[in-house]
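What follows is one structure encoded as structure tokens, with my remarks underneath.
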Amino acid sequence: MFLKAKWLTFLKIVFLSKVFVLKAESQPVFTKRPPSTSYVVEGSGLFLQWNYNLGGAFRSAEFDLSAIPEATDIADRFKSEATFIHTDYQGRVEANITATQANVTFLSLTRADTGNYILKVEREDRKKNSSTIKITVQFKPEIVKPLVNDSTVCEDDVINVTCSADSRPAVHTYQLFENRILVIDGNSSAGVWILRSDLKEGSFSYRCVANNTIGTTEETVNITVKGTV
């Protein structure tokens, strides 16, 4: 009897462990995912691919831009229907979703596309799983502040010359030139500037150059200084 009881206990443990394993594997499983973060230069495309094992009949899948207060739908498929691209992304995104794979292609990304994206897959018994990725769209610097506060001034007026730009990733160096002569070479991501109150009558040219790892942008402005009467 004692041996029989031990044998029954052993069988019970084996049975429960198998039930636990089945439950642990009851949701769909991703067998291939894109990188967790993708860095893309603005204007470039991006191909994303997921492979998954549903472990049952396919019900639906959807690809969304995660956002607050609610996600933005991009592409989805329900049962045997064709993959549907939502209006805002038609012409910008191509997608093909099957019971085992999802392929999504961004044809030309803009900086506004930077964000977190999620693919959700669901089978017929409503068991589901999801995969989240981040897309960071990079772009070269764009001058965001006027170089000077006024393009026509008088002698002894104070002139504020500012060199600042928006970019992703951040600007790593700025150069500011006065009449083709380098007057500031700085590595502050916040920009560079000078105040001038000693300019005499004549014409002056200021050129701002901003650099990041994606590219370089420059802008030039001319100032006319009038003599005092």
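Any Cβ shown, glycine's included, is placed from N, Cα and C.
What TrEMBL says about this one:
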| type | residues | note |
| --- | --- | --- |
| SIGNAL | 1-26 | signal peptide |
| DOMAIN | 141-224 | domain 'Ig-like' |
Of the residues in the domain 'Ig-like' (141-224), how many are helix, strand and coil by DSSP? 0 helix, 52 strand, 32 coil
Per-residue pLDDT averaged over the domain 'Ig-like' (141-224) comes to what? 90
